[in-house]
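For reference, the structure discussed in these notes is given below.
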Amino acid sequence: GDGCGHMVMYQDSGTLASKNYPGTYPNYTLCEKKIQVPLGKRLILKIGDLDIESQKCESSYLTIQSSSTLHGPYCGNVMPIPKEIILDSNEATIHFESGSHVSGRGFLLSYASSDHPDLITCLERANHYTKAEYSRYCPAGCRDIAGDISGNIGEGYRDTSLLCKSAIHAGVIADELGGQISVTQQKGISRYEGVVANGVPSHDGSLSDKRFIFTSNGCNKSLSLEEGFLSKTQVTASSYWEETNEFGQLFQWSPNKAWLQVPGLAWASNHSSNREWLEIDLGEKKRITGIKTTGSGSMTLNFNFYVKTFTMNYKNNNSKWRTYKGILSNEEKVFQGNSNAGDIVRNNFIPPIVARYVRIIPQTWNQRIALKLELMGCQIMQANSSFTHSMWQKPSQSTETSLGKEDRTATEPVPLEETNLGLKLTAIIVPILIVLCLFLFSGICICAALRKREAKGLSYGLSSAQKSGCWKQIKQPFTRHQSTEFTISYNNEKETPQKLDLVTSDMADYQQPLM
């Protein structure tokens, strides 16, 4: 039968594994798959794991066939297994075949184009590296690979955690695309708290010598931490539940109680259908990179309300509601929500939502729709001034449909050419003006001294000389007949250097000091 197992392939990278990996692969099975990267690129493969029960590669083996070369067969301990294979073409055929056997995990491999020579497999952990800072490329498809991670994006991850799976959990890369990660290793902490994020569970971890964090662009903080955020925003809903308890007390599960920062009850809808929604008006357009959700909470012991899955809509002023869609498909993206009423679950938006209004639309729930939430993101200008993270880079033209035109424009960095030009002009002109002022001041002082000596009867020249004034006397040593020019250069080689003409003619002769 079909011996192919986990498989995620994108245009620039991917991950393949045998059926049941890391369990035992089936008897008498065949897996053959063609992989490719864009034309003009070379294919890089890395075998993360290979455990095939065969001594001479007769009935069970793995081969990699490019246009001109056959790599393998690989099995058992007969032939050394290369950690990396660089092919001379942009495509290859992966062939895995098995006969009768008792044990064996099969294989797991990752591939990418030659644009990513720092490719790693889904099985690499942070404790495999000793450098304090490093950058690697994760292939698509590492989310569902077996292997534990401990920690979260806030405090960091235990160094025994899988790197690429942790990056998906942190919202640094999307599983469908893969991407570049930048890692910093730090001293470990006594305990790591596990949370669920982006469909990946993280487990509690114990003391470790080291931990690692991912370099961020700073646009993943809680929007509610901004000054006056809650007062500027407005929360509405399709309906809300008014509960009357056995003592006749009325409790309102209203929309303004939906914020995680607001203690007490959550928002709960009066009806249970997928036409219910919770809407947030942020007051202005913002960049939203993620959402945290929880259910009715641990304080309401009598209720176990929470939303299991939900979708997102968004819009700006005077525009229609738009559905947030998957990266590689044109279908609405369904986010995995909570599995109980008390735990907080995080989902990241890759690419981010740029909008003023957002709607959360529950799709499935437990008992009753109930929700508390927190939005993560930043001001649009803050995102522009920070560096553009790989998780926000458009993967290709085909995925541009998930971002509107105004959204793509908002992510472009602000040019600094004009600012640099102004600084350079100021640095040149200001000293020149200071020198000219000093020169004029000195002339005034000398002129005043000459007049004072004249008043005492100490004449320094004939009547004709006196008529010409002190400026004539001062002027002589510094007489210039040509204009003085300063050339101002720019970093941009395309611009023509401009000349600033400081002196355009000979100094005029003044009988009185020039003020």
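Heads up, the Cβ atoms here are built off N, Cα and C, so glycines get one too.
Nobody curates TrEMBL annotations by hand; they come from automatic prediction.
As the structure is a computational prediction, the values presented were derived from the model and not from experiment.
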Where TrEMBL annotates a disulfide for C31, which of C4, C75 is the other cysteine?
C4
Go ahead and report the DSSP secondary structure tallies for the domain 'CUB' (4-114): helix first, then strand, then coil.
0 helix, 58 strand, 53 coil
How does the model score the domain 'F5/8 type C' (219-378) in terms of mean pLDDT?
91
Which same-chain residues, if any, lie at least 6 apart from C31 (disulfide bond) yet have Cβ under 8 Å of it:
D2, G3, C4, G5, S18, K19, I94, H95, F96, E97
